[in-house]
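The structure appears below as structure tokens.
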Amino acid sequence: MNSVTIIIAMSILAIVTAVVYTLKVTSIKVGTLGGNEKETKKLLEISSAISEGAMAFLVREYKVISLFIAFMAVLIVLLLDNPGSEGFNDGIYTAIAFVSGALISCISGFIGMKIATAGNVRTAEAAKSSMAKAFRVAFDSGAVMGFGLVGLAILGMIVLFLVFTGMYPGVEKHFLMESLAGFGLGGSAVALFGRVGGGIYTKAADVGADLVGKVEKGIPEDDPRNPATIADNVGDNVGDVAGMGADLFGSCAEATCAALVIGATASALSGSVDALLYPLLISAFGIPASILTSFLARVKEDGNVESALKVQLWVSTLLVAGIMYFVTKTFMVDSFEIAGKTITKWDVYISMVVGLFSGMFIGIVTEYYTSHSYKPVREVAEASNTGAATNIIYGLSLGYHSSVIPVILLVITIVTANLLAGMYGIAIAALGMISTIAIGLTIDAYGPVSDNAGGIAEMAELGKEVRDRTDTLDAAGNTTAAIGKGFAIGSAALTSLALFAAFITRTHTTSLEVLNAEVFGGLMFGAMLPFLFTAMTMKSVGKAAVDMVEEVRKQFKEIPGIMEGKNKPDYKRCVDISTSAALREMILPGLLVLLTPILVGYLFGVKTLAGVLAGALVAGVVLAISAANSGGGWDNAKKYIEKKAGGKGSDQHKAAVVGDTVGDPFKDTSGPSINILIKLMAITSLVFAEFFVQQGGLIFKIFH
């Protein structure tokens, strides 16, 4: 059996698995596992409001995205035309790949959102019966996103590969692979708006709900009296399901494209389709490993949910390492040469394994810094005894400190992969890190589903036993979400470096001198970009949160009887505020990321652009890790105080709520969005590389 058949079979297997999980989740009918008619009616009402809000946002977001996709597709057609690829129009086929990537990413987001909003109420329903049943429903809901997205991504890439190579068998493979890179650009363009727009939406609602509800009115989280509570629950789906999904879809597509572009420059790989498609085989064989691992997802009534989820990550990592040994032995050529370096099949395999285990260790380190089972978060909780200021100081310190070990792990991965297999090894290491994406994304999507289930249980007043079960599920989801963010940032760093390597290969830039003014100027400018981007997204959350706070205060003042539960708040108004703010505020950060590499490359040339990419990568990775982990630390310090220390309502808890509110945009908007910044700038540079080689450096040409 050849690699093409296997890749298609595995992608179809993933899609079928997603369909099976969809049927499992939707087969549960609300109201069949206990409770009275009034409870069932409430459950369905709340679930419907969350679903409608989420889908309304997604539809409006996709309308805005479609305008950007159309603009970028036209730009690609106009600017790309490689004179070396006679008979093959680079611009048109890159644009086709670009639109395909964007479309598949949008479809994946839609499917994930649809099933998450169906799974949340069913998880709450299952929690009436048992913890084990509720866990399984939330996990199965996440699995639809995990397997569906990976299956569609791999199928999309292999179909485009077959179309391009089938239509143009005489054209050199590296030209075709460069056009295929458009697929990664499309996926990442959607991820940009999914992450930024979704992040602004979810945190505007969250901050508004917390500041007025918890701090001013002293009512608990997800209380139905809080006007922003539905918007808050909608935001969990918008940011953590659609946003995270699009982010990892982009990483998968971009790392694959980078490896294909670099690999296609080696004649031994170009001459063997099986060996050339090795990058796709890594993602493809991650699917059966993830399916086998998913059977282990079981918890008992008093079982440790967090351990059950972490076992998924560890077992899938070991399975992929074992499976890929035999895949490498069978499909990879014995040796090949790239840029004068001879690389063996085992150099490639070790690079993949190093990336794979590096991802796992980054997850372990992230857990240490963000879980309240360990010292760093408990120190933040302890610091809350002396007020919000010391809580914030300790939280910032935690974030900065937490970036040290992940960066060292990334350095070890990069150096090892580069020594063994050059730039190709770095791309393969990135693919190794995200080879378990199906199970990783399943666990990530599990988090917001169980969080929503808790919110629905609280609003529907299902009783303490049900809420205790959903709280346990949610607590585990919080820790695994932090691990997922660390994993996403690590994979973004390696993916971005792989794309940078492909860009250097593509533009024939053999060496870059740091002291060269063009390069150093680019480095400085690039290092500034993540901070500018973070400032823009932080302020956007702040502006949207101010609107939300004013609306919530207004409703408490103008609608009589909200606090007594006699009248319902106007939930829809808060949903509209979050939606409008997110769509309005995501435009400028989006333009910054998409247009910067095009303008820098055209005006200052390839060397300056290479400096910009390197600077943005180095500064962005450290900033993203510290922001995500500070936010995670503040969040779990608050939860630790609620469960183990001073308890809700204490001065210690009030200080921790302020820290948690400050941390919200850190961990759910700015931190994760930097992933997209570093990846999207790199893939944009790769796609437009030929244009920069031919037309770039306008400013220097004028002055020379």
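Each Cβ is built from the backbone N, Cα and C atoms, and glycine gets one as well.
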Candidate from D576, D635 that Swiss-Prot assigns to the same Ca(2+) site as D660, D664: D635
Of D81, D444, D451, D468, residue recorded by Swiss-Prot at the Mg(2+) 2 site of N233, D236: D451
Cβ-based contact of the transmembrane segment (680-700) with the transmembrane segment (276-296), 3 or more pairs under 8 Å: no
Interface present between the transmembrane segment (276-296) and the transmembrane segment (429-449) (three or more C-beta pairs under 8 A): yes
Rounded Cα-Cα span from D240 (site 'Important for ion transport') to R195 (site 'Important for ion transport'), Å: 8
Range from 3-23, 174-194, 276-296, 483-503 with the greatest count of C-beta pairs under 8 A to the transmembrane segment (64-84): 174-194
Candidate with sparsest Cβ neighbourhood (10 Å radius) among D206, D240, D247, D664, the listed recorded positions: D664
For the Ca(2+) site built from D635, D660, D664, further residues of that chain with CB within 8 A of the site's CB center: D206, D210, G631, W634, K638, G659, T661, V662, G663, K667
Among D210, D635, D668 [recorded positions], residue with fewest other Cβ within 10 Å: D210
When distances run from the Cα of D206 (Mg(2+) 1 binding site) to each of the recorded positions D240, D247, D660, D664, K679, the nearest one: D664
Which of R195, K203, K667, all recorded positions, has a Cβ with the fewest other Cβ atoms inside 10 Å: K667
